[in-house]
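Asker: Mind looking over this structure? Questions follow.
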Amino acid sequence: MTWYKILSPQTEPWIVMVIFVVCFALILHRKLKITHVSLATAAFLICLGIIAPDVAFLESVNWNVLALYWGYGLLAVHFQASKIPAYLASYILSKSKKEKHALLWIAVLAAALSSFMPNAVVVIMMAPFVIEVADRLKASLFEYLITLAISSNIVTTVSMVSDPPSLILALTTDMKFMDFYWFEGRVGIGILTIIGVLAALTTLSWQFRYFSQSVNIAHKAVVVSW
C-alpha cells in the first residue's frame, strides 16, 4: 500500500524524535492514560505520512506479544478468583518459622513465575497473596511489595518468554529456546541471568536477617477452585 509523504527524508527523523520525546513525557506525566497517548501518537505518525496504515498495523505491531499478554492477563484474573493466593499464603505461613523465611519464599516464588511470565503479570497475580501474608503477620506491607517487585524483575532475561524484550529479541533473531543458555559456543544471557538471580536472592536473604518475628499460624483450610 502506497502512502503519501509530506515531510522530506532529512526532516522526518527529527520530527519522529520530537514526537517520541513528547509521547514519553506525557506517559511519565501520568495525567493521561498510556493507552490514549500511545494510540494518539501512532495516529499522528500515520497522518503525517511517516508510516503507512498497513505497515503500522500489520508490521510494526507484534501481535504475538500482545496475544501473549492478553493470555497472561486472563490467567492472572482467574488466578485471583480461584483463591489460590489465599491457599499459598496459608501454606507458606504454616511452613515458615520466621518472617524472614516467608519473605524468602515470596522472593523465590516470584522469581520462578517471572521466568516464564512477564514480571508485571506476576506482580498482579501475586499481589493478593503478598497482601494476605502481610495481613496475617500484622507486618508492614512495604517490605513485602518491594520484595515482590525486585524478585519479579531480576529474571527478565532468564528465558525467551520471561518478558516482551526477550520474546521480541528471540522472534527477531530466530533464536531457539536453548540459545538463551548456550549461544554460538558461548555462555548465553540466560545463564548469566541465573547467576545474577542467585546473587540477588542471596542478598535479599541477608537483608531479611532482621525479620525474626516468629510465625505461629496454622494452615487454614481454603476452598480452591481449580
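Even glycines carry a Cβ here, placed using N, Cα and C.
Features from TrEMBL:
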DOMAIN    24-204  domain 'Citrate transporter-like'
TRANSMEM  12-29  transmembrane segment
TRANSMEM  36-57  transmembrane segment
TRANSMEM  63-81  transmembrane segment
TRANSMEM  102-129  transmembrane segment
TRANSMEM  141-162  transmembrane segment
TRANSMEM  183-206  transmembrane segment
Asker: Is the transmembrane segment (141-162) in contact with the transmembrane segment (102-129), using three or more Cβ pairs under 8 angstroms as the rule and ignoring pairs under 6 apart in sequence?
Answerer: yes
Asker: Take every residue in the domain 'Citrate transporter-like' (24-204), average their pLDDT values, and give the whole-number result.
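Answerer: Value for the domain 'Citrate transporter-like' (24-204), mean pLDDT as a whole number: 84.
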Asker: Between 36-57, 141-162, 183-206, who has the most Cβ pairs under 8 Å to the transmembrane segment (12-29)?
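Answerer: Stretch with the highest Cβ contact count: 36-57.
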